[in-house]
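Asker: Relevant sequence annotations retrieved from TrEMBL are reproduced here:
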- 12-31: transmembrane segment (TRANSMEM)
- 43-64: transmembrane segment (TRANSMEM)
- 84-105: transmembrane segment (TRANSMEM)
- 111-137: transmembrane segment (TRANSMEM)
- 144-165: transmembrane segment (TRANSMEM)
- 185-206: transmembrane segment (TRANSMEM)
- 218-251: transmembrane segment (TRANSMEM)
- 271-294: transmembrane segment (TRANSMEM)
- 306-322: transmembrane segment (TRANSMEM)
- 334-356: transmembrane segment (TRANSMEM)
Amino acid sequence: MRTIPKHKTLTNFQMFSLLTGVMIGTGILSLPKDLGQTAGHDLWISLLVGGGLVLIGGTISVLLCRKFPDSNVFEMSETLLGRFFGAVIAIYYTLFGIAGSAVVTRIYSDIIASVGLIRTPQTVVILLILLVVTYLLRGDITVLGRYSEIVTIIIFPAIVIYFANIQNFNTENFLPVGAAGIENILKATAASFYSFFGFEFILVFYPFLKDKKYDMKIMWYVIHYVTAVYIISCVFIVGFFGIGRATSIFWPIIGYLKTFRIPFFERIDQLYLIIWMQTIFITVAGTMMVSLYGFSHLFRLKHHKYALPVVALAVFIAALIPRNVVQTYKYADIVGYMAVGTMFIIPVFLYQVSLVKGLVKGNERS
């Protein structure tokens, strides 16, 4: 339990910006390929289904937060399950945050190494990303919230860029609808969970939300917005390339941006990556923040900044483990499986326990 000073709280838009910033990370760059390999041109259906499932998970997370408005998920777990099992959940979230931050950092460094800083050692790129993120995390969560606001505004042009080549969009690339079959569409839905992780971090950030009466609206806006961005991105890629070529390019969105020019900008893909880099900082910082709070809770630290050197070093080492891009995405798959626990299993379980404990207390009083 805690009392949050007003100057350290997050506004509604800051919470919206922070959650969307964490969710829209590197997953979007390879999403058309990842889903298209299984669902074909029906990948947009997989994203709709995935968005619906995530909406359910987000709703349950908010309902759980309402039962413990001044506690984060680590404190909730300890209250509901006891100190031992609460520590287990804290360890899981901490490791998930480190793994997620490391994978996102490594993927973006791989992209930078292949299309921009070809001769720059990857270790240097990873280090530079983490130095910026570490600087962001030295302050309170309000610093991250304010930065997220700015990023949400400047990221809009990156989405508008897709429409610059709309004259070459072919709707026939999506026919016949449903050709992939229900089984493949659902398999692709499961594969999309890596790209959706981040909304569940409201379980950590909720105590800082200033106006909690809009909590459910914020969650719904976040998930609808992210789902729409993903669908627009995938639809434009498949509509332009066709599913065959879209699944043969490692980062289809970057490939798409190389196919046209805008006056005054010779390399649209470079501009896109510069804009998108700001989102990467939010994704890594937000995910690391979860680890910091988890680590601080486990070791009863007074401020999360005391855990920053340990967590940052762990992320740096983990980001260096993959030997190549293929191996990096295998680790991303593992993070996706871990995300099922943070997005669905743990929140649903804790919510059920809270309901049972509430009924037991009600019966005891009566």
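Backbone N, Cα and C define each Cβ position, glycine as well.
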Asker: Quick one: do the transmembrane segment (306-322) and the transmembrane segment (334-356) reach 3+ CB pairs under 8 Å, ignoring pairs fewer than 6 apart in sequence?
Answerer: no
Asker: Can you tell me which recorded stretch out of 12-31, 43-64, 84-105, 144-165, 185-206 has the most Cβ pairs within less than 8 Å of the transmembrane segment (218-251)?
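Answerer: Stretch with the highest Cβ contact count: 43-64.
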Asker: Does the structure show the transmembrane segment (334-356) and the transmembrane segment (111-137) touching, where I'm treating 3 or more Cβ pairs under 8 angstroms (sequence separation 6 or more) as a contact?
Answerer: no
Asker: Rank 12-31, 43-64, 185-206, 271-294 by Cβ pairs under 8 Å to the transmembrane segment (84-105) and hand me the top one.
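Answerer: Against the transmembrane segment (84-105), the leading stretch is 271-294.
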Asker: The transmembrane segment (271-294) and the transmembrane segment (111-137): do they have three or more Cβ pairs under 8 Å, with pairs 6 or more apart in sequence?
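Answerer: Result for the transmembrane segment (111-137) with the transmembrane segment (271-294) is yes.
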Asker: At a C-beta cut-off of under 8 Å, are there same-chain residues at least 6 beyond the transmembrane segment (12-31) that contact it? List them, or none.
Answerer: 103-104, 107-108, 111, 142, 144-146, 148-149, 151-152, 155, 192, 194-199, 201-202, 205, 208-211, 214, 218-219, 221-222, 225-226, 229-230, 233-234, 250-254, 276, 279-280, 282-284, 286-287, 329, 332
Asker: Do at least three C-beta pairs under 8 angstroms join the transmembrane segment (185-206) to the transmembrane segment (144-165), pairs 6 or more apart in sequence?
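Answerer: These two segments do not touch.
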Asker: So what's near the transmembrane segment (144-165) in sequence-distant terms, Cβ-Cβ under 8 Å and 6+ beyond its ends?
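Answerer: For the transmembrane segment (144-165), the nonlocal Cβ contacts are 10-11, 13-18, 20-21, 24, 136-137, 208, 229, 232-233, 236, 240, 256-257, 259-260, 262, 268, 271-272, 275-276, 278-279, 281-282, 285-286, 289.
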